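Below you'll find the structure, written out as structure tokens, and then a few comments.
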Amino acid sequence: MLEVTGLRVAYGGIQAVRGINFHVAEGEMVALIGANGAGKTSTLKALARLLDAAGGSVRFRGKEITNLVPHELVTQGIALVPEGRGVFPRMTIVENLQMGAYCRSDQAEIEADIERMFSYFPRLKERARQLAGTMSGGEQQMLAIGRALMSRPKMLLLDEPSMGLAPIMVQKIFEVIRIVASEGMTTLLVEQNAKLALETSQRGYVMESGEITLSGEASALLADPKVRAAYLGE
Amino acid sequence: MDIFIQQVINGLVLGSIYALVALGYTMVYGIMGLINFAHGEVVMIGAMVALTVISMLSDSGLPGIVIALIGLGAALPVCMGTGFAIERIAYRPLRRAPKLAPLITAIGVSIVLQNLAMLIWGRNYHAFPPILPTSEHEIFGATITGLQIAIIVIAALMMAGLILLVQRTKLGRAMRATAENPPIAQLMGVDINRVISLTFVIGSALAAVAGLMVSANYSIAHYYMGFILGLKAFTAAVLGGIGNIAGAMLGGILLGLIESLGAGYIGDLTGGFLGSHYQDVFAFFVLICVLVFRPSGLVGEKVAERA
Ligand SMILES: Nc1ncnc2c1ncn2[C@@H]1O[C@H](COP(=O)(O)OP(=O)(O)OP(=O)(O)O)[C@@H](O)[C@H]1O
Ligand SMILES: [Mg+2]
């Protein structure tokens, strides 16, 4: 479904992503793990067209998407949950969710989807009319995921959904991520929490200094001594 | 006649006009952090175009209101087109440039528009033809004209419409999203260039209406009128809290009141040393005070933005 070949991202002279190759098949959940500064966010930003790639190709459902203007991406079926959530702080929960459905016009279905998000995250329903900026980090993460799903994407890109959250929140959020995945959503999950990411995914890639150094079945990576030493604190 | 009430009425009229113009400044600032100093010229162009059309039709025998509406009908598209072009030509190419650059092009555009207006309409003052009915009404011992009532009511309706647009419509949500976080708005599928263009167009439509109002209110228009008016409306926007729509409305009305009450009493206050033609001083005194004591303005909002 997603085919990345030779992707490079540079900030000025700094090469953040140095020609990486990976793919995600339809219905699959794939983890992209790595330490701080490995280039995971840069990769996702390039996929979501928030950054121009310095080289390489990204094909989504057979179509080259490296040259799309940013706002066309969502209509192709890709939704990014950005690092740091990126909710609209001065808009209410409902308005944030409506923004997720910006490119849709099926009003009744949008309402139904908002209710669906509320059933995934009852906490959001309680605060429907509250400004997003006044919510806790975990609640904002729930909102960011809900907002991304509101576009009815074919593929979800998640950038560190567990970042800075209490374990109980992480649990709740990953519960929903698993449900969504089990319903067939193709997902690319970027995480520093390698254990959690690999336990949730089918396959994984390990990124180091802008390069992919390891890849394979999630269970194999979990058992890999190098991964255990570097990312699982053993 | 009650001077206080009279000055309050005059202040509300003036303030309504300032508010409409201030909205143009504040909407653009809110969405792209830029002060469109050429906005005052858009008001001037609105006034000039409306006045020209109205003068041509003043002997046509049509009812005054109809003539005024035709004048407005001509001014609206010209102003909206001007606002659209200003953004395209002077600001869009500088989206990623340092903040100072678009400020300089804004002043450049301002000068170009003023000179263009001078070439078209000359340096003379143009009188607004007496087409509108001059009814006077007594209230609380003061008089208010039909025109003044119309200005206040129309401005209030337009502001209510703008609030509805921004708060209740999909376009309004897209505008707020773009103002808060342009890249994320793009992720949602918002074409932010289109939203920015529309913001300029909407602000310019308000400016067209304000232009007609000022020229009708003072019975005069002039190629240079946009400068002081723009500066005052900018002051009103800063007073309310630049970037904040309700703030611009409040700031506009307050500034109108301050000016007209100040002008009404400045003679008494200074023992006749300063006359009411010192009215303009108040706006800039207010601007300085706000910048020194409360740069975030009256409605400077503080919503926690927790990460
Ligand atoms: N805007 C930027 N300008 C310059 N360099 C940047 C910028 N953003 C990221 N970088 C650099 O690119 C490299 C990769 O950063 P990136 O954010 O992609 O890493 P990451 O894997 O997401 O890290 P983390 O786990 O901390 O989120 C880093 O060395 C970083 O310093
Ligand atoms: Mg990152």
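Placement of Cβ uses the backbone N, Cα and C atoms for every residue, glycine included.
The transmembrane segment annotation in TrEMBL covers B:12-35, B:42-58, B:64-86, B:98-121, B:141-166, B:195-214, B:220-239, B:246-266, B:281-300.
Looking at B:64-86, B:98-121, B:246-266, B:281-300, the range that has the most CB pairs within less than 8 A of the transmembrane segment (B:195-214) turns out to be B:64-86.
When Cβ distances are compared across the two stretches, the transmembrane segment (B:42-58) makes contact with the transmembrane segment (B:220-239), since 3 or more pairs at least 6 residues apart fall below 8 angstroms.
The list of residues near the transmembrane segment (B:220-239) in space but at least 6 beyond its ends in sequence, with Cβ under 8 angstroms from a Cβ of it, reads 15, 18-19, 21-26, 29, 35, 37, 39-45, 47-48, 51, 110, 113-114, 117-118, 121-128, 211, 214, 247-248, 250-252, 254-255, 259, 280, 283-284, 286-287, 290-291, 295, 297-298.
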